[in-house]
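The feature domain 'Cation-transporting P-type ATPase C-terminal' is assigned by TrEMBL to 439-617. Summarising the annotation, TrEMBL assigns domain 'Plasma membrane calcium transporting P-type ATPase C-terminal' to 659-702. Taken from TrEMBL, the feature region 'Disordered' covers 697-730. According to TrEMBL, the feature transmembrane segment maps to 415-436, 491-509, 529-547, 567-587, 599-625.
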């Protein structure tokens, strides 16, 4: 999985991902390339769809734009030119790098501004967060202070009261003007899949005001009052930033949808941008009844009268929800938790979520599988995750799904093969002992069969690499029985064939092959060809059934993909050769007698018959197996899940409660046994050290008050030995 850019931190997450039914994915960097570029801009009432000529802009704009972008960005964000003439490297925040690149495209230098105004000269910085959706920086000027603000366009525009026209003159900016820009500029940009950012400024002048948009002050403003500082702004420009969809993402999302996994986008962009990107990715299907809402509308729909999340209201929203825009980390957490807790589907949803920020930690921890970004992700996000995507690419999640399903199917394949061999071997040994007072399979032969069944088969069946075929079925869900009805049908069907063949050889073999019967022989009698044929045929059928066990979903082409698993081929051929050697030269050690070429032919023919029989078993409809068979296998698990449900909801980690309880019980029992052994040892040691008798007795008396009351103090050695022995027996 590491080769597929999946760094697995928690091993159980791999198998869980195979049963994922929903993926809540970020947009930036996961579905897109995270290489942002300004492709459109709105400056002074003019909508530019390419980089504007800096010299044609009004004089007021020039300094404000360059200074506003260079200063009101993290100084760690910068553009590093490539030495080999390739694309410049974007270091730091990608949105800020897009704005800095916009300055460079206009043939201007942001570095010279930063050298003039260093970080030490900044008066106040309001850093970007998911609540304010903007960043503001205050710098000193000759006449007072200047505030630069950038952020989500619809949010920053509402804080603007003025705007600059094409000549650089300040004009009033009414709510009607704001709505007009939203409809004519921002919404078209967003419909093209662009992230819209608005830049604004505000001057604080000490003394008399020179401009209509200046704010005068006599005493230095209280910079901690952000609400009073960041308002009454003057709009500078609106830019549209393009973050192209990764070319491989649409195909990856189609694979997820075909595999029964619903992909939802959770992003901080506005609704129109998110809708456009989701359409390009294939998350939104025009023929499907879907829901695209923002965080505000989402909370309005799921909160009850008391302001608490109602699961009943939530269940009306999430099945159709495909895009959640302008969302906060809390919205992502509520979405993940609500889907996991929902009981609308009988199988229950298994949710995976992606995240890269510090605030994504709760959602990553709550999800069944949390994916953190290895490149852009913070350390907090990585610590809270189960799997780290080293390339920040959504296609790596699809590979994780394939690996998870491959792990699950490998276990199921091995179980199907192992249970078939177990059923046949046990029944042959039992019925043979009942009918002919002897088992056709000797102990040493059973050991060899067990070696095939346990060790070699596990290696052969568990080493097959995942394939696209794994994505052609729906997820199993939380409560699906490990042994499915198809597997049950295969186990019973192949067991019937193998038992029929073995008992036909047992009773009719001597006449058919014209050999002496091995029935009724003495316990020390030499090996016979009769029982050797039975043993050899059983192994041949087992080897052929190993090929059948590669498919557990009723596929007819059992050889499909066999060439991709050289380990299986080597083990199968090696086992076949070892069986030939064992039969021909095993002698009295393995209780075998060499077979003729004709006898070998019949053994192999009957073994291959298991492959043909497997096609007949596949023809039998799975519905012929009662559902109650599988329900009994999983019934206890479902009951435990219902009993422990309330407890699980109180805990942060809801996985594996029953396993943890059994683990704690086993650990407690082990600790008790250790204490008993120590007590017994101390009692024995006390016999050789009379000086320690009183201390040993005191120790055991403290451990067991009943013994302290009932046992006399006169004979400590006998009392302690008896006490320890009694405890040990108990």
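Here the Cβ of each residue, glycine as well, is placed from N, Cα and C on the backbone.
Tertiary proximity for the transmembrane segment (529-547) is limited to same-chain residues at least six positions away from its ends with a CB under 8 Å from its CB atoms, namely 417, 420-421, 424-425, 428, 440-442, 445, 448-449, 452-453, 457, 460-461, 494, 497-498, 501-502, 505-506, 509-510, 513, 515-519, 558-559, 562, 572, 575-576, 579, 583, 591-595, 599-600, 602-604, 606-611, 614. At the 8 Å Cβ cutoff, the transmembrane segment (599-625) and the transmembrane segment (491-509) share at least 3 close pairs (sequence separation 6 or more) and count as touching.
Here the transmembrane segment (567-587) has long-range neighbours at 448, 452, 456, 459-461, 463-464, 527, 532, 535-536, 539-540, 543, 546-547, 550, 593-595, meaning same-chain residues at least 6 beyond its ends whose C-beta is under 8 angstroms from one of its own. Per-residue pLDDT, averaged along the domain 'Cation-transporting P-type ATPase C-terminal' (439-617), amounts to 87 for this model.
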